[in-house]
Ligand SMILES: NC(=O)c1ccc[n+]([C@@H]2O[C@H](COP(=O)([O-])OP(=O)(O)OC[C@H]3O[C@@H](n4cnc5c(N)ncnc54)[C@H](O)[C@@H]3O)[C@@H](O)[C@H]2O)c1
Ligand SMILES: O=CCCC(=O)O
């Protein structure tokens, strides 16, 4: 592959054909990033914060253009794409502030003539690899804390959606970041994975993507003991307790589930509803889902865009066929609008009932607009089913009871919990997963820690 062909997933039209970086060119960028670290780490936190604020201002000025770029290459509705630009910028704003709070400490010495000082230092050159589902926000939530900490940064965006990243990096340079401090590269994942993991100059890898690729990167990085942040796959449950506010649960389920047509790592993948309220809930949810308009995200009225590509579409169809063959009942959806020749794929929002544990969608991430519904009769049973997965990213639950809510929260093994809340993400909170959903957190005060080393100085005076 010498060129990366970027397509509009809503139409299959080619948006751009960009030459990919050669192995040699990638190695040169890594060397430049490592060299730039020597001076960048010496800049003051206030200087770095000011550059981040200048970058943020330029992104805000170009909000509409960036939003349209996201919709064009990713497919999500324009309103959501503009929301993603705001979300992406919020990480830059947050870490421009956090840059100034990289506090150290002093430790009382065990003898009178010693003084001990603990400082925090930037790790070095960071290699980032990002997915196509949030082309702006997954990049800035890595770049902003890395740059704030004093690290230099190289990102490899997904081949499906590199245009947003390329534009964001241009704006960073326009804002005043030296070229070698923040860079992007364009190449296929395995090539970049191979180079990043084998390069001693790359001191940290931060990855957002699928669990198998994350595991592979971790294995290879062991050779040079790199720092790692892993934001991997999810398999989020929603538990609807018997006393839940059903209208609220319906509204929040729709928000959580159909964002980016279900192609979101925190997207609910399994809906567990108490048997006594299941019929009422399914009826209300179906009415609401029936109102969702599917189509090209550039049309402001559409709320559910296309699936990113044929591979993603085939996975969804395969899971649906498997579920129906094993006895699931289609309440709404299971319909498709696609054209393999043109290369676009839409899936109608789908609700399935009579879902059982042996169905593929109860074990694997679907990454599509599909809601499988399972009933339960006791909350312990629901918690067990929810936890019965190697993943542990996000989980949601709906109950009006304070005691029940706390009981469920304490029982769930997930890094992010939404109680009566389908939208828990934000720059100010620690985002990340347990078990095979990842290592480390992005966002919040936790999000800068993975870019810092601890150094302590012991002085005899
Ligand atoms: N936990 C989170 O914060 C989070 C956020 C968004 C997406 N995700 C996950 O990402 C996945 C969807 O993205 P995807 O299907 O594009 O994932 P993917 O792992 O196939 O690709 C993600 C990125 O990794 C690159 N890549 C592929 N193979 C590689 C290799 N061998 N070495 C290095 N890089 C490689 C790709 O080019 C892309 O840039 C889902 O599993 C989703 O849950 C997780
Ligand atoms: O897909 C993963 C990111 C979604 C989010 O940050 O809420």
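In case you wondered, yes, glycine gets a Cβ from its N, Cα and C as well.
According to TrEMBL:
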type: ACT_SITE; residues: 231; note: active site
type: ACT_SITE; residues: 265; note: active site
type: DOMAIN; residues: 6-456; note: domain 'Aldehyde dehydrogenase'
Proximal but sequence-remote residues of the same chain as residue 231 (active site) (Cβ under 8 Å, at least 6 apart): 138, 207, 208, 209, 265, 431, 432, 433, 437, 438, 440, 442
Surrounding CB atoms that lie within 10 Å of the CB of residue 265 (active site), all protein chains: 28
Segment-level pLDDT (mean, integer) for the domain 'Aldehyde dehydrogenase' (6-456): 98
DSSP three-state assignment for residue 265 (active site): coil
